[in-house]
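Worksheet: one structure, shown below.
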Amino acid sequence: MQKILSGIQIKELDSNQLSRSGQTSHELMEAASTEFVNWFLNQELPIDQPIQIAVGAGNNGGDGFAVARMLADQSYSVSILNCFKSIERLSKDALVNFSSLPEIIQIHDFEDWVFPNGGILIDAFLGVGLKGELRTDAIEIIRKLNTFKGTVISIDVPSGLPSDEVVNGTAIKADFTVSFEFPKLSLMYPENAEFVGELVVLKIGILEEAYNNLMSTFYYLEAVDIRPLHKIFSRFSYKGDMGKVLLVGGSPGKMGALILCAKSALRTGSGLVTCHMEDSERAIIQTAVPEAMSSWGLIPNPEIYDAVGIGPGWGIGNRDRLFKQFLQDFKKPIVIDADALNLLARNLDLLHLLPKNSVLTPHIGEFTRLLGPAADHSKRMEMAKKFCMDNKLILVLKGANTVINLPDGRQIFNSSGTKYMATGGSGDVLTGMITSYLGMGYSPENAVLCGVFHHGLAGEIASKSKRRSLIASDIIDAIPETYIQLNIS
Ligand SMILES: NC(=O)C1=CN([C@@H]2O[C@H](COP(=O)(O)OP(=O)(O)OC[C@H]3O[C@@H](n4cnc5c(N)ncnc54)[C@H](OP(=O)(O)O)[C@@H]3O)[C@@H](O)[C@H]2O)[C@@H](O)CC1
Ligand SMILES: [K+]
């Protein structure tokens with residue numbers, strides 16, 4: 001899995017890469033710029049749009065000069081916005097690329113910047129080399145760049161955004177951020193979302209060995225990581241191998257959550273799904289999900305189930321006793337969501353009853369009820385890490401970049417998903433998926449990694465034709481296509 005390194009570690013990564021690959025630093029910059037331009041050309045933007053490239057003095061600016069040359073070679077109309085003041089300030093590789101600019105490219109000083117009404121602005125002012133508070137002249141430049149009305153594309157990070165922290169002042173508001181090799185930590189924080197825009201990550205050929213001595217507890221979960229985590233079932237498999245799962249939830253007025261959860265578990269591959277709810281609501285499940293069985297009242301033999309997911313639509317009235325009883329009886333890792341999380345927040349003494357490696361799936365509101373408020377997302381992540389290490393639990397902090405917090409301290413950001421998945425029932429679908437993988441005998445860690453990634457991918461697939469019309473059922477309908485795309489039988 002791809003490590004996410006801090007801005008400071010990236011310098012070391014670069015020098016490891018250069019010594020192991022035999023590349024020069026200029027060749028590495030050329031590789032990064034080429035990948036950026038390939039991505040840019042694939043967007044099929046009209047060739048007659050003017051492109052302005054804001055260029056700083058460091059290597060982020062060096063990328064900007066190289067991109068300017070490459071796009072001019074492709075007949076784009078390119079000009080440079082000078083954010084570096086004088087040539088003497090350019091870094092070694094930025095100077096090489098500055099010297100290779102074709103004459104046709106004009107360079108405009110700050111005082112002469114006039115933005116056309118549309119077009120494209122490529123932001124190569126500041127990258128991961130930003131240190132400390134932004135200087136006043138840089139703030140002035142960023143403010144002026146932010147008045148641009150067309151499409152803004154930031155190279156590596158939006159200028160002004162620190163690579164590892166939540167923004168505390170001015171930064172470029174990009175429509176796209178195209179980051180190299182891995183997303184910088186700051187690009188993952190919800191507070192920074194309005195600056196980052198749509199995130200794209202491009203591989204630039206950094207060797208695996210270059211990461212060896214660089215420690216990080218942050219990782220990025222990508223499509224290539226998923227296939228090896230899956231179990232392979234043989235032609236002799238029967239429905240019992242595919243898992244017998246129990247989903248506890250639903251209440252009058254909230255049966256939809258349990259229906260979505262059950263359908264999602266079935267579509268993910270569960271062999272047998274039983275839904276446990278109040279007696280009065282049974283007919284709803286039997287009608288809406290004919291493939292599922294139902295149970296009600298007490299849960300007399302919980303150990304017959306391979307996995308249990310608890311909470312979607314459950315309500316919190318009169319549930320305490322059943323929840324406690326169940327936790328005392330069931331000893332395998334369970335998935336705890338929605339109202340079961342709220343019950344836990346009200347009865348923190350139940351925490352010690354949770355089997356090791358159980359999975360909690362809160363959104364930020366449920367997280368806050370459970371663990372308390374946090375000043376920002378980076379603090380929230382510190383709280384999540386400590387909670388998982390102390391209690392030996394897995395916590396899936398749901399959001400635009402869902403974070404999987406593991407008991408060994410690793411924190412894994414998911415790369416799949418879209419903004420269109422912020423819709424009622426999306427979380428119930430995720431609970432069904434994770435529980436389903438647990439039931440198939442996946443380790444809790446693998447069940448969560450597969451569940452979270454496939455869920456996001458299903459959302460991406462569904463959103464292609466649905467956009468903002470996407471509803472949770474569309475995510476379930478797209479689960480089969482995720483297996484086809486990832487080549488999983
Ligand atoms: N492996 C990779 O991923 C590769 C990375 N590459 C690229 O290199 C980039 C990193 O380049 P980098 O290290 O040269 O730093 P960079 O971001 O250009 O910033 C330096 C400039 O910022 C300025 N500055 C600093 N602090 C400031 C402040 N508070 N307020 C105002 N200004 C401040 C500083 O000015 P100075 O303090 O020196 O006067 C200097 O001019 C990386 O993001 C990626 O784009 C690719 O080319 C190759 C492969
Ligand atoms: K930038």
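Here the Cβ of each residue, glycine as well, is placed from N, Cα and C on the backbone.
Feature annotation from TrEMBL assigns (6S)-NADPHX binding site to 59-63, 127-133, Asp156, Ala257, Gly313, His363, Asp428. Under the DSSP three-state reduction, Lys131 ((6S)-NADPHX binding site) is assigned to coil, being neither helix nor strand.
Annotation for Asp123 (K(+) binding site): spatial neighbours Ala54, Leu145, Val152, Ile153, Ser154, Ile155, Pro158, Ser159, Ile172, Ala174, criterion Cβ-Cβ under 8 Å with sequence separation of six or more. Under the heading K(+) binding site, TrEMBL lists Asn60, Asp123, Ser159.
As annotated by TrEMBL, AMP binding site applies to Lys398, Gly399, Ala400, Asn401, Thr402, Gly427. DSSP classifies Asn401 (AMP binding site) as coil under the three-state reduction.
Taken together, the residues of the domain 'YjeF N-terminal' (10-212) have an average pLDDT of 96. The domain 'YjeF N-terminal' annotation in TrEMBL covers 10-212.
Annotated domain 'YjeF C-terminal' per TrEMBL: 222-486, in sequence order.
Sequence-distant contacts (6 or more apart, same chain, Cβ under 8 Å) of Asn401 (AMP binding site) comprise Met188, Pro190, Phe413, Asn414, Ser415, Gly417.
In the three-state DSSP classification, Asn59 ((6S)-NADPHX binding site) falls within a helix. Among the binding-site residues Asp123, His363, Gly399, Thr402, no residue has its Cβ under 6 Å from any atom of ligand 1. Only Asn60, Asp123, Ser159, in sequence order, out of the binding-site residues Asn60, Asp123, Ser159, Gly399 have a CB under 6 Å from ligand 2.
The binding-site residues in question are Lys131, His363, Lys398, and the one with the fewest Cβ neighbours inside 10 Å is Lys131. Within its own chain, Asn59 ((6S)-NADPHX binding site) has Met29, Ser91, Asp93, Ala94, Gly127, Gly129 as residues 6 or more apart in sequence whose C-beta sits under 8 angstroms from its own. Rounded to a whole number, the distance between the Cα atoms of Gly427 (AMP binding site) and Gly62 ((6S)-NADPHX binding site) is 43 Å.
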